[in-house]
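*Asks:* Quick one: the structure is below, questions incoming.
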């Protein structure tokens, strides 16, 4: 082989090139982007529209449906959702899974045009919006809370804003910073409605007086010799006291009155609040920080921490800068842990090499490891990937596989040299004979991994980098095995001419068992079929979970009170929970010293605290938290909703703490739906179990949903059962009689303004505060009644409406019918059809697959009973599982076809590929046994392992069958002798490769966390069983298909002359 010969004859050049590759790999590692996850594109854009005063029904019918109808024309659409509340509509456009990354940009541009040009003109004239947000998927992994004892919201905001500006200026890795928890300032003018009526002053009179007084009038400019100067006449309010000095004319009189004499003028904050944030129970302003594309999260974290420490040192007494969520620490821990796992894997692989191959051969084989890994590290940034838990896991998985090529090559060279060939001849002959078999075996393994990166669903984008790393590394290992390994063998491998000894105890035992198996092929086939049936049976016993829970020491509590609940009550519930956490679980963040064992095993990432519990927590009231992790979808604004995010000392504490918090809240607040949980690794659904029911008849749909909830309550393991619509809410309906309005001398505008001022307030003008930051410099001045009128429904009946035309007031009940009615407070549609989601969480060790097994047949029966206007769909965890599994399954035939073509090309035969492929399904036995023994669950990652296992089994089988062909063609052995000789010659390399792979995977099992432990377990046990089956089942299938009869066969040791 020319490449091999060139590398041997130019050995110094070869060494220098590979040294440069290793150095380049190290430089690539230090400079590449580091993140927790490879990331995947959130294929969702939101369209938000406001319509003050509109009901949820009006928002759905006149706003959301019009937008959805327009967007359904886009061919890129997957599905469209709409969430409607009183006064607000949020439409979610979800693009098809096939669009990734930059492919979405033209789709979002097209969506904007559809919304603004086509949908917007169809909406009511007085709506605010619509507003398109195509940055819904941006992650704000660093969340900083600014708190202060005795600090007002304005003061906290000013401090947070100063910090925000400095962060943007000083930390180049920051992409964006969003501010949460800001309470907009207001100046309230509160009046007594009865007193105004007595003085015959209307709300409009006050509003007109304020707006006419508070103006900025352009004064023009004046020429002074050669200079033209701008004239700036004053006229706007400069202080709150000045607003109180506004003169109000009393209608029908010559008298005037100061505003402060008939109303109270005071500063405050938006009331009621729309959204609040807390840290450890204290009011807070949150800064949510995103990472700039292509930047290093770890560097961002270090720079942010350094700046926060500086600010904290200089902060006034009582002002604190706290961490709510800090993804850079998680990323650094993941990278350090995986690098530690990789180092452990390399060490164990090297140890195995030295033990089984000796020092010289072990070093030669081991040289492939850093070289192949360096090539992968160099290629990853070129392909747009960084260092994350998926790419690092790919390196660990590939580690055991990549030494196979080097082992086979070095052993072949060693055997050739032992048989008397010169060094150069042995190296060139081995490379020439093995280049195609090793390339085909590497390509088939690559093909086995390829479906993972071809999956177009979210998991393909998420897990795809793992398979890409394996493919790059395996190809690099073949390249190194054809160049560097022969060169090192040529220069440093020393062997004496000797006969390989197959008479040791191990060889004799294997040969004896194999011969007996081949003498009774029918019994062997029955045994294989039985093992396959047992494997499938064991597989049915394994627990199923699409993606495991996270091992981050973080948890959350979601709280939902009945729709219509005030944000004040929601905040009171959160305050109660704060007190409970403070009393029972709050611990300090003091760390214990890291032990040497932890340092070696986990890279020092294991943190042990003096006390176990909750270190800190952030509460978000009236809506979701910032999108602090990729799979979290923040809840839209809702006064009855709260989200609490906790940082704990250990993720293993979370199940116990979660259960206790849920029980505490359930006992104290019967109408509260609350559930706590650990973070997920791949499922963005709020609850594990979800069934979507759609129908055109809303009343019947509600009845059907209640029936589903009742059924679900009887299924063991399903808890926290609810639907997303909740109960209808009470509403005050003021049915104004227009004829009576005219008879009373009133106008519709006067009635509307009076009601608005009484209930929510009327914005009369704007106060310009020159001392405040620009974002806070414009303060609305709001006219409203005193609290006894705003907070009492019965007061509406006695409310008097002032008529400017007659100068008299009219009781509201005289011109309107006031009544309490019930109506939906929330309406959800999917693809423009009413949809109710019945959801539940899991209790104890229950799985979503078990719940679905009980519910799906029942739902199918019920849908047939309910009629064609209703349908149900699977949601939640199992929807993601099914979608991704089906997507992966759809790509397997492509990989299978590639593998078959490679095998046919390699052997120019149909029967040999059948022999190889027939052994693949038996891998399910080892995987099932491993999952049952370890207690791990079967999900997407073990499925990836199962696919990967097929590649390893094929790899071993290819080299084994190629060895049989060599024994037949080169040495002229009988078919029986060729099979036995090839198997015993391949036994040690196959076992050695398996052992190195197992040793490389052990750190991933023990220290890879909840995400990778199931994958490692499946691979380890699958390899153990797969190796055994390869050494027995492959020769059995070969003997059956090629009719090799072993009835009369007796083993005769090969002579020295025909020994390769």
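Residue positions begin at 1 at the first shown residue.
Glycine residues also receive a Cβ, built from the backbone N, Cα and C atoms like all the rest.
Not measured: the values here are computed from a predicted model.
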*Asks:* Under TrEMBL, the annotation transmembrane segment belongs to which of these stretches: 298-321, 466-489, 490-513?
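*Replies:* Within the set 298-321, 466-489, 490-513, TrEMBL attaches transmembrane segment to 466-489.
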*Asks:* Pick from 363-380, 417-434, 543-560: which range does TrEMBL record as transmembrane segment?
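*Replies:* The listed stretch tagged transmembrane segment in TrEMBL is 363-380.
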*Asks:* Can you tell me which recorded stretch out of 363-380, 523-541, 888-907, 939-961, 1013-1041 has the most Cβ pairs within less than 8 Å of the transmembrane segment (914-933)?
*Replies:* 1013-1041
*Asks:* As a test: from 12-29, 335-356, 363-380, 392-415, 436-454, pick the stretch that has the greatest number of Cβ pairs under 8 Å with the transmembrane segment (1013-1041).
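*Replies:* Maximum Cβ contact count belongs to 392-415.
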*Asks:* For the transmembrane segment (990-1007), what are the same-chain contacts with Cβ under 8 Å, counting residues 6+ beyond its ends?
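*Replies:* Long-range Cβ neighbours of the transmembrane segment (990-1007): 337, 340-342, 344-346, 348-349, 351-353, 356-357, 393, 396-397, 399-401, 403-404, 407, 601-602, 952, 956, 959-960, 1013, 1015-1017, 1019-1020, 1023-1024, 1027, 1030-1031.
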*Asks:* When you scan the chain for residues with a C-beta under 8 Å from the transmembrane segment (466-489), skipping those not six or more beyond its ends, what do you find?
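*Replies:* For the transmembrane segment (466-489), the nonlocal Cβ contacts are 1, 3-4, 7-8, 11, 14-15, 18, 364-365, 367-368, 371-373, 375-376, 379-380, 383, 385, 390-391, 393-395, 397-398, 401-406, 408-410, 413-414, 423, 426-428, 430-431, 435, 438-439, 442, 445-446, 449-450, 452-453, 944, 948.
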*Asks:* Within the same chain, where does the transmembrane segment (392-415) have neighbours whose Cβ lies under 8 angstroms from its own Cβ atoms, ignoring anything closer than 6 residues to its ends? I mean 6 or more beyond.
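*Replies:* For the transmembrane segment (392-415), the sequence-distant neighbours (Cβ-Cβ under 8 Å, at least 6 residues beyond its ends) are 334-335, 338-339, 341-342, 345-346, 349, 353, 357, 361, 364-369, 372-373, 376, 426-427, 430-431, 433-434, 438, 441-442, 445, 465-470, 473-474, 476-478, 480-482, 485-486, 489, 493, 495, 500, 948, 952, 955, 959, 988-989, 992-993, 996-1001, 1003-1004, 1008, 1012, 1015, 1019, 1060.
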*Asks:* Under a Cβ pair cut-off of under 8 Å, which of the recorded stretches 12-29, 335-356, 363-380, 939-961 contacts the transmembrane segment (888-907) most often?
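*Replies:* Answer is 939-961, with the largest number of Cβ pairs below 8 Å.
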*Asks:* Hey, which of 12-29, 335-356, 436-454, 939-961 has the most Cβ-Cβ pairs under 8 Å against the transmembrane segment (363-380)?
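*Replies:* When the Cβ pairs under 8 Å are tallied, 12-29 comes out ahead.
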*Asks:* Within the same chain, where does the transmembrane segment (939-961) have neighbours whose Cβ lies under 8 angstroms from its own Cβ atoms, ignoring anything closer than 6 residues to its ends? I mean 6 or more beyond.
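*Replies:* Sequence-distant neighbours of the transmembrane segment (939-961): 397, 401, 404, 408, 437-438, 440-442, 444-449, 451-452, 459, 463, 466-467, 470, 544-548, 682, 881, 884-885, 888, 892, 895, 899, 903, 906-907, 912, 915-917, 919-920, 923-924, 926-927, 931, 982-983, 986, 989-990, 993, 997, 1011-1012, 1014-1019, 1022-1023, 1026-1027, 1029-1031, 1034-1035, 1038.
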*Asks:* What residues elsewhere in the chain lie close to the transmembrane segment (12-29), defined as a C-beta under 8 angstroms and at least 6 residues from its ends?
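*Replies:* For the transmembrane segment (12-29), the list is 367, 370-371, 373-378, 380-381, 387, 480, 483-484, 487.
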